[in-house]
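Undergrad: Dumping the structure here so I can ask a few things about it.
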Amino acid sequence: MASSVFSRFSIYFCVLLLCHGSMAQLFNPSTNPWHSPRQGSFRECRFDRLQAFEPLRKVRSEAGVTEYFDEKNELFQCTGTFVIRRVIQPQGLLVPRYTNIPGVVYIIQGRGSMGLTFPGCPATYQQQFQQFSSQGQSQSQKFRDEHQKIHQFRQGDIVALPAGVAHWFYNDGDAPIVAVYVYDVNNNANQLEPRQKEFLLAGNNNRAQQQQVYGSSIEQHSGQNIFSGFGVEMLSEALGINAVAAKRLQSQNDQRGEIIHVKNGLQLLKPTLTQQQEQAQAQDQYQQVQYSERQQTSSRWNGLEENFCTIKVRVNIENPSRADSYNPRAGRITSVNSQKFPILNLIQMSATRVNLYQNAILSPFWNVNAHSLVYMIQGRSRVQVVSNFGKTVFDGVLRPGQLLIIPQHYAVLKKAEREGCQYIAIKTNANAFVSHLAGKNSVFRALPVDVVANAYRISREQARSLKNNRGEEHGAFTPRFQQQYYPGLSNESESETSE
C-alpha cells in the first residue's frame with residue numbers, strides 16, 4: 001500500500017516539475033533584459049541606408065483591406081520583422097486564423113470585439129439564443145452557446161498575438177478600424193522558415209483581389225483556408241457533419257476574402273463597460289502584486305501564477321494617465337513591457353507611444369537591446385539616424401502612415417514639426433530600454449565633468465553646462481531652447497582642462 005502511494009506521489013511530482021518547467025519557459029523565456037531569445041538575423045546585414053516605408057501591396061476583401069509592407073526589403077529581413085496594416089469596415093469580421101510567429105497589434109482608430117482561443121481553456125462565456133421556424137413562434141427552439149472570453153478593444157490599444165493561437169476581430173463600431181500589425185519573424189517560437197505564414201480557419205486570400213501599390217514584386221500571401229486541403233469524406237467524419245457542410249468549411253467558392261461583412265451584425269455576449277473597467281482594474285492590481293512577490297522571492301517567474309486562460313491580452317497605451325514621462329511644454333512618453341503587460345514575456349516584444357507637441361524635440365538616444373519599428377500616427381517629425389561610423393543613414397521627415405526601422409544601437413534624434421507628432425514604436429524585446437544622451441538620467445549626466453571636458457576639448461564650465469543644461473527634463477524636451485553659455489565647443493580647450 002505504501003509503495004503504491006509513493007508511486008502515485010512520484011508520478012504526480014514528476015508531472016508537476018514538467019508543467020513548472022514548460023510554463024516557465026513559455027512565459028519567461030528570458031529574465032535578463034540585456035538578452036533577447038531571438039534567433040538573430042539569417043544573413044549578414046548592412047544598415048548603411050535607411051528609408052521610410054509605405055505599404056507595397058493591397059489585398060481587398062468584402063469588408064476591408066490588408067496592406068503589406070515590403071518583406072523582401074533587406075531592412076525587414078535583417079531585423080526579422082514583418083508588418084501589415086489592416087482596415088476593417090463597420091460590421092466587418094476578420095475571420096479566425098493563426099500565424100507561425102508572434103506579433104503585436106496597435107489600434108490606430110476604431111473599436112470592436114475580438115477573441116483569442118487559447119488551447120485547453122474552458123468556455124467561460126455562456127449565452128442563449130432563441131431560433132424561430134418559418135411557421136412562427138409556436139415552434140421556436142432555444143439553444144445554448146459556450147465560448148471563450150470576448151475582449152473589447154479601442155483606439156490606442158496594444159493587443160498581443162501569440163504564435164499558433166487562433167484569433168478574430170470584429171468591428172462593432174460606426175467607423176473603420178485601422179490597425180498596424182508587427183510580427184517578429186526571428187522569434188524562437190517560429191520553427192518554420194524565416195517568414196510569416198498565416199493559417200486561415202475560414203475564408204481565403206484571393207489572388208485575383210491583390211493590388212500592388214508601387215509595382216514591385218513581393219511575396220504572395222494568398223491561399224485557401226486549412227480545411228480546403230482535407231478530403232471531404234475524412235473531414236465530414238472527423239467533425240460529424242455531412243459532405244455539404246464540409247465543403248462549406250473549405251470556402252472554395254467564397255469570394256468574400258478574409259474580411260467578411262456580417263449583414264445583421266454579430267450577437268455577442270459582452271460585459272458592460274463598467275464590468276470591463278472593474279475587471280481590468282482588478283487584473284492590473286493582481287498582476288502588480290504577483291510581480292512584486294516574484295521580485296521578492298525569486299528572480300525567475302515560475303509561470304504558474306499566470307496562464308493562457310486568465311492572462312490579459314490587451315492594454316491601452318494612449319491614456320495620458322499611464323504616461324511614464326510627461327513634460328507639459330513638450331509632450332509625453334508611454335511604454336509597455338512585460339512587467340506591465342505580462343503576456344509580452346510570451347511575445348518577446350514591447351511598445352512605446354510618443355506624443356510630441358509643436359516643435360518639441362526628443363532627447364538623442366539609442367535602443368540598447370532591441371530593434372525599433374516606428375510608425376507615424378499623426379503629424380510629422382524630422383528624424384536623423386546615425387550609424388557606428390558616425391554616418392547619417394537617415395535624415396528626413398516621417399509622415400503619417402510611414403514606417404521607419406531603426407536598428408539596435410543606432411543613435412536617433414527626432415523633432416516634431418509645427419503640427420506636432422504622435423507615433424508608436426514596436427520593439428523586438430519584451431523589456432526594451434533606451435540610453436539617452438541628454439537630460440535627467442542621461443549619459444552626459446552620468447559622466448564626470450573632467451571626462452566630458454577632455455573628451456570634447458571644452459572647459460569644465462562648458463562641460464558642467466553640457467551635463468546640466470536640460471535640468472530635470474527627461475525624454476521630451478521643450479522647443480526653442482536657449483543656450484546657457486556662449487558657443488565655443490569647437491575651440492581649443494582652455495587651460496583649465498589640462499590642469
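Even glycines carry a Cβ here, placed using N, Cα and C.
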Undergrad: In Swiss-Prot, Cys45 is listed as disulfide-bonded to which of the following: Cys78, Cys121, Cys309?
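TA: Cross-referencing Swiss-Prot, the cysteine bonded to Cys45 turns out to be Cys78.
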Undergrad: Fewest other Cβ atoms within 10 Å: which of the disulfide-bonded residues Cys45, Cys78 wins that one? Let me know.
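TA: Counting other Cβ atoms within 10 Å of each of the disulfide-bonded residues Cys45, Cys78 gives the minimum at Cys45.
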Undergrad: Report the DSSP secondary-structure composition of the domain 'Cupin type-1 2' (315-464) as helix, strand and coil residue counts.
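TA: Breakdown, helix to coil: 24 helix, 71 strand, 55 coil.
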Undergrad: For Cys45 (disulfide bond), which DSSP three-state class applies?
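TA: Going by the DSSP assignment, Cys45 (disulfide bond) belongs to neither helix nor strand, so it counts as coil.
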